[in-house]
């Protein structure tokens, strides 16, 4: 049983269902809005055939789909657009493969941006089932408080706020065993009900893959200006294969790609300073992939055991070891992201 913080009211959808395994067809890979309890070959709730096709017979959603109500835009999209109108830049951090250092990068991006005391920064963790941001940011055990203006995020510093489902759990060992609609409802609440205030940067740390959470965050942010996505990978082909799927996802949903970061890119010996390839780039690594797909390679972050240690201890690696090779690469990557955001604003102003 999942025990959430009793002072927080979480709205969740009651839809339940099971996933029938099998080979994915071309229709399955389309991003149609298919409820968990829909029958096989559901055309999707926003399709012109919703509630009308033969596959809809017997579906508990048939009546509402046939009425056309499901084709109406979610009113929460407009509410979120208004709520986030005071956020200047929104950056999504994505990865096709788990364990490539995506949350670590998100945390270091937030820390580095917030090192400028004139900037207001927030980090939103939408990895519902694996919320590691509270630990990485040194906030484990903290709780979210509710006020008349919404949920109050947890602050690392005066200008660095964090929100995660990890703050709503009674124990960090609690498992969040939710189907897609409940996850989507939680993400909606994070975007709509949190009192973010005026922000220069909102960084969204997502789970691996291209599933419910990713579709939800893109849909709910559709009425806002999203600067783009930073995609994280490691050098080996088993990671790059999934990253190509993530890139395809971004292209399908028209999400701009700021660039790619290659984590664990060699190990620099602290004694002799020589570099060893722990994860050899057998197919050319992120550099080759970016060249083939005409994408910017923001940087290659070398392995450093102190990165993992700083994450476990909830400290900023860049602040702890600012002169290390990895810290310098991080700083260069963050500068490139800031330049991208600034240039994007300038381009929009010139065309308006």
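In case you wondered, yes, glycine gets a Cβ from its N, Cα and C as well.
Annotation comment: TrEMBL describes 19-49 as region 'Disordered'.
Annotation source TrEMBL lists [4Fe-4S] cluster 1 binding site at 42, 56, 59, 65.
Residues annotated as domain 'AAA+ ATPase' in TrEMBL: 88-259.
Taking the Cβ of residue 99 (ATP binding site) as centre and 10 Å as the limit, one finds 11 other Cβ atoms among all the protein chains shown. The ATP binding site annotation in TrEMBL covers 96, 97, 98, 99, 100, 101, 102, 103.
According to TrEMBL, the feature [4Fe-4S] cluster 2 binding site maps to 269, 272.
Ranking the binding-site residues 56, 59, 100, 272 by how many other Cβ atoms lie within 10 angstroms of each Cβ puts 272 at the bottom.
In sequence order, 93, 94, 95, 205, 206, 208, 232 constitute the residues six or more apart from residue 102 (ATP binding site) in its chain with CB-CB distances below 8 Å. Closest by Cα distance to residue 101 (ATP binding site), from the binding-site residues 59, 65, 272, is 272.
Considering only the binding-site residues 59, 65, 269, 272, residue 99 (ATP binding site) has 269 as its nearest partner by CA-CA distance. Listed in sequence order, the residues of the same chain lying 6 or more apart from residue 98 (ATP binding site) and placing their CB within less than 8 Å of its CB are 130, 207, 208, 209. Considering only the binding-site residues 96, 100, 103, 272, residue 56 ([4Fe-4S] cluster 1 binding site) has 96 as its nearest partner by CA-CA distance. Close to the recorded [4Fe-4S] cluster 1 site, the chain also has 38, 39, 43, 45, 50, 51, 53, 55, 61, 62: residues not among 42, 56, 59, 65 whose Cβ is within 8 Å of the site's Cβ mean position.
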